[in-house]
Amino acid sequence: MAGTARHDREMAIQAKKKLTTATDPIERLRLQCLARGSAGIKGLGRVFRIMDDDNNRTLDFKEFMKGLNDYAVVMEKEEVEELFRRFDKDGNGTIDFNEFLLTLRPPMSRARKEVIMQAFRKLDKTGDGVITIEDLREVYNAKHHPKYQNGEWSEEQVFRKFLDNFDSPYDKDGLVTPEEFMNYYAGVSASIDTDVYFIIMMRTAWKL
């Protein structure tokens, strides 16, 4: 994925700069996540998923507040309350965190989403809806990796490092879901102005 690290750095710098003037709580939270790079929003999603003990995909205010604290998000309590109110659309005291993450994700055009899903489907060789090391063996030759060639990494490590790009730094399980893949590229997408350039980059990177 040539260029992604550079985009990541540029995006983090841009996000930090914008944070100094942003006043909308959703925008401020989005920028704080993007300031950590492409995986920032996905990482926050993982924190919330771990906290969702009963797997009902919802969070109450206390859980929401704790999740933001655990992820070291800097926000006033009033801001967090306003955020929560905006997501608690029916006023029942809980928010749906899938909806929350979707709103937090930087907006992307339909063309960008389509090319991201094309890449996901190409990588998901077994068609089970997640990308694993087994899938990568089919599409990616680890033996060409310089660290494999110099004996520093095993084949397994090369694949694992590759998946770690998309996996959250807070809970690396070696599985990449469509949601994680989309969240990662939403971060990359935020640093690329035109659809044309983004689509060319994706097609080149994944030989689509």
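The backbone N, Cα and C atoms fix where each Cβ goes, glycine too.
What Swiss-Prot lists as Ca(2+) 1 binding site is Asp52, Asp54, Asn56, Thr58, Glu63. Under the three-state DSSP scheme, Asp54 (Ca(2+) 1 binding site) falls in the coil class.
Around the Cβ of Asp88 (Ca(2+) 2 binding site), the number of neighbouring Cβ atoms within 10 Å comes to 19. The feature Ca(2+) 2 binding site is assigned by Swiss-Prot to Asp88, Asp90, Asn92, Thr94, Glu99, with sequence analysis given as support.
Per Swiss-Prot, the feature domain 'EF-hand 1' maps to 39-74; the stated evidence is sequence analysis. A mean pLDDT of 84 is what the model gives for the domain 'EF-hand 1' (39-74).
Counting residues per DSSP class in helix, strand and coil order gives 20 helix, 3 strand, 13 coil for the domain 'EF-hand 2' (75-110). The domain 'EF-hand 2' annotation in Swiss-Prot covers 75-110.
Taken from Swiss-Prot, the feature domain 'EF-hand 3' applies to 111-146.
In the domain 'EF-hand 4' (154-191), the DSSP tally of helix, strand and coil residues is 22 helix, 1 strand, 15 coil. Taken from Swiss-Prot, the feature domain 'EF-hand 4' covers 154-191.
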Stretch in 39-74, 75-110, 111-146 most in contact with the domain 'EF-hand 4' (154-191), if contact is a CB pair under 8 A: 111-146
Check: same-chain CB within 8 A of Ca(2+) 2 site center, minus Asp88, Asp90, Asn92, Thr94, Glu99: Thr58, Phe87, Lys89, Gly91, Gly93, Ile95, Asp96
Count of other CB atoms lying within 10 Å of the CB belonging to Asp54 (Ca(2+) 1 binding site): 6
Among Asp52, Asp54, Asn56, Thr58, Glu63, which are recorded as binding-site residues, the nearest neighbour of Glu99 (Ca(2+) 2 binding site) by Cα: Thr58
Least surrounded among the binding-site residues, given as Thr58, Asn92, when other CB atoms within 10 Å are counted: Asn92
Neighbour tally for Asp90 (Ca(2+) 2 binding site), based on other Cβ positions within 10 Å of its Cβ: 8
